[in-house]
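Chemist: Quick one: the structure is below, and I'll ask about it shortly.
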Amino acid sequence: MGFEELLDKVGGFGPFQLRNVALLALPRVLLPMHFLLPIFLAAVPAHRCALPGVPDNFSNEDAWLEAHLPREPDGRLSACLRFTHPQALPNSTLWGEGQNSGEQPEGEPSTVPCPQGWEYNHSEFSSTIATEWDLVCEQKGLNKAISTFFFAGVLVGAEVYGYLSDRFGRRRLLLVAYVSSLALGLASAASVSYIMFAITRTLTGMALAGFTIIVMPLELEWLDVRHRTVAGVLSSTFWTGGVMLLALIGYLIRDWRWLLLTVTLPCVPGILTLWWVPESARWLLTQGRVEEAHRYLLRCARLNGPPVGEDSLSREALNKVAAAERMVRRPSYLDLFRTPRLRYISLCCMVVWFGVNFSYYGVSLDLSGLGLNVYLTQLVFGAVELPSKLLVYLSVRHAGRRLTMAGTLLGAALAVGLRILVSPEMKSWSTALAVMGKAFSEAAFTTAYLFTSELYPTVLRQTGMGLTALVGRLGGSLAPLAALLDGVWLSLPKLAYGGIALLAACTALLLPETKQAQLPETIQDVERKSAPSSLQEEEMPMKQVQD
């Protein structure tokens, strides 16, 4: 008897599992709030060079600014430069700051970076890290780098938590993730310098990676196979809830320190709920901890209410299951590249996942040039994720996985690319295209999880998902840095996001369709699929899945 059969006997889907999903909802809500926090935390409000005070006998502030600030090619006053000497204006006495009256320099007036710092418009944000440490103009790269540092921490933390959770257990490491996220989040909010904030934010990313790695297995390892997809879709709605909740919290709290505290403190009730979160019985059996597994399985059976025979949960039966679980060899990433067909699938999936993450976070973090304020835009971006999931559900059933994957990525690429052609004055069109880009990128994210899981054989499914998620996190960490390309050409970041999404869409078309296909069980099953003979495919020992 295997663990799946054992789980069927105690109830693979019932009150016990539903309670578990509810208890593990909090980490899924917290993740998007931290992942997308730079939208508010690192926002750059309108700013200009700090200037000397307007003289008492001069009432025209616009003329005062005109005398001190040069204009950009688009006609706006410069946010990063000021004239070395104020320019003379008709019928004014401004000329002469720092020089004798009548001594006007010849040629083009010289400019300098803001020597006295910047003045910020605080109507939308009372305080951000950009206003706190003047991360604008020549220092704007440091502002964008915060997101990259954070995602780099997630990248490293995912590997660390993956190893430690297999060794020390899911529940114990989830406690570590909660406590470390709380401590490092508080430290980030108390940062007194940019360096301190960058370090603590990177470590916070490492801590939060525990949620991404542990929560899903802790849910799925208590669910039977039939209900895992339903639970996965239900859990994904918690992410959408977190995206929308962030918009509300950001609107109510305009100071970055208090905002960071607000999205961090829910870790406290999360720690308390761990008392009711069960450890994975499957993991306990692989570690030979039969008594603990027996206790959790009995608790599951009592709560779900199915009749369980004494023989099913006897120590002898559990010892046999434990022995069978320990005999399963733990695969490595190298196993994904040992055979031609599997290597081909893995390389294609890596490109697709990089494109999905790169475009999703690129679109999500780029709210510039839209007609709505940042809070309403974020709320709309969150709300549009729900119909996106419905779109995926309908499309994968009728058009198939491959076309849905390619189509959603192509839609994201077109929406982002068309924004380049829209003039800055056409705010409504730019906003509509941005919302469409977010909808398609979210749909691509949802499809990627389903499609990838069906491409890999059972023996390597988790390993394959782990590799593609790793590459995806790399794409997510690079997406904020791509925004710096606007220094070369204003539309270059959008071209990068759209171009990578288009490349991923083309790559998705190279993958095999899995709609109404049999899930491969072994590596040999995957390799046989490359053979042209349909007879070989019919003979493959694979199980049928409903589309």
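Cβ coordinates come from backbone N, Cα and C, glycine included.
Annotations for this protein, taken from Swiss-Prot, read as follows:
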type	residues	note
TRANSMEM	21-41	transmembrane segment
REGION	91-112	region 'Disordered'
COMPBIAS	91-103	compositional bias 'Polar residues'
TRANSMEM	145-165	transmembrane segment
TRANSMEM	179-199	transmembrane segment
TRANSMEM	203-223	transmembrane segment
TRANSMEM	233-253	transmembrane segment
TRANSMEM	258-278	transmembrane segment
TRANSMEM	345-365	transmembrane segment
TRANSMEM	367-387	transmembrane segment
TRANSMEM	403-423	transmembrane segment
TRANSMEM	431-451	transmembrane segment
TRANSMEM	465-485	transmembrane segment
TRANSMEM	492-512	transmembrane segment
REGION	521-547	region 'Disordered'
Chemist: Taking residues 6+ outside the transmembrane segment (203-223), which of them lie with a CB under 8 Å of any CB in it?
Modeler: 7, 12-13, 16-17, 20-21, 24, 27-28, 30-31, 34, 149-158, 160-162, 165, 170-171, 173-174, 176-177, 180-181, 184-185, 188, 231-232, 235, 277-278, 280-283, 300, 469
Chemist: For the transmembrane segment (431-451), give me same-chain residues lying six or more residues beyond its boundaries with a C-beta closer than 8 angstroms to one of its C-beta atoms, as numbers and ranges.
Modeler: 229, 232, 236, 352-353, 356-357, 359-360, 363-364, 366-367, 370-372, 377, 380-381, 384-385, 387-389, 391-392, 395-396, 401-402, 404-405, 408-409, 411-412, 415-416, 418-419, 422, 465, 468, 472, 501, 504, 508, 511, 514
Chemist: Are the transmembrane segment (258-278) and the transmembrane segment (21-41) close, by which I mean at least 3 Cβ pairs under 8 Å that are 6+ residues apart in sequence?
Modeler: yes
Chemist: Looking at 21-41, 403-423, 492-512, which one has the highest count of Cβ pairs under 8 angstroms to the transmembrane segment (233-253)?
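Modeler: Looking at each of 21-41, 403-423, 492-512 in turn, the most contacts to the transmembrane segment (233-253) are made by 21-41.
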Chemist: For the transmembrane segment (345-365), which partner among 21-41, 145-165, 403-423, 492-512 gives the most CB pairs under 8 Å?
Modeler: 492-512
Chemist: Quick test of the contact rule: Cβ under 8 Å, at least six residues beyond the ends. What residues does that give for the transmembrane segment (21-41)?
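Modeler: Counting only partners 6 or more residues beyond its ends, the transmembrane segment (21-41) has Cβ contacts under 8 Å with 125, 128-129, 146-147, 150, 174, 177, 181, 204, 208, 211-212, 215, 218-219, 231, 234-236, 238-243, 245-246, 249-250, 256, 259-260, 263, 266-267, 269-270, 273, 276-277, 361, 364-365, 367, 374, 378, 480.
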Chemist: Excluding the flanking five residues on each side, which residues at least 6 beyond the ends of the transmembrane segment (492-512) place their CB within less than 8 Å of a CB in that stretch?
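Modeler: The answer is 345, 348-349, 351-352, 354-356, 358-359, 362-363, 366, 402, 405-407, 409-410, 412-414, 416-417, 419-420, 441, 444, 451, 455, 475, 479, 482-486, 529.
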Chemist: Can you work out which residues elsewhere in the same chain, 6+ from the ends of the transmembrane segment (145-165), have a Cβ less than 8 Å from its Cβ atoms?
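Modeler: For the transmembrane segment (145-165), the list is 34-35, 38, 41-42, 129, 173, 176-177, 197-198, 201-210, 212-214, 217, 361, 365, 466, 469-470, 473-474, 476-481.
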Chemist: Give residue numbers and ranges for long-range contacts of the transmembrane segment (367-387): same chain, 6 or more residues beyond its ends, CB-CB under 8 A.
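Modeler: Same-chain contacts beyond the flanks: 36, 39-40, 43, 124, 237, 239-241, 243-244, 246-248, 250-251, 419, 424, 427-428, 430-431, 434-435, 438-439, 442.
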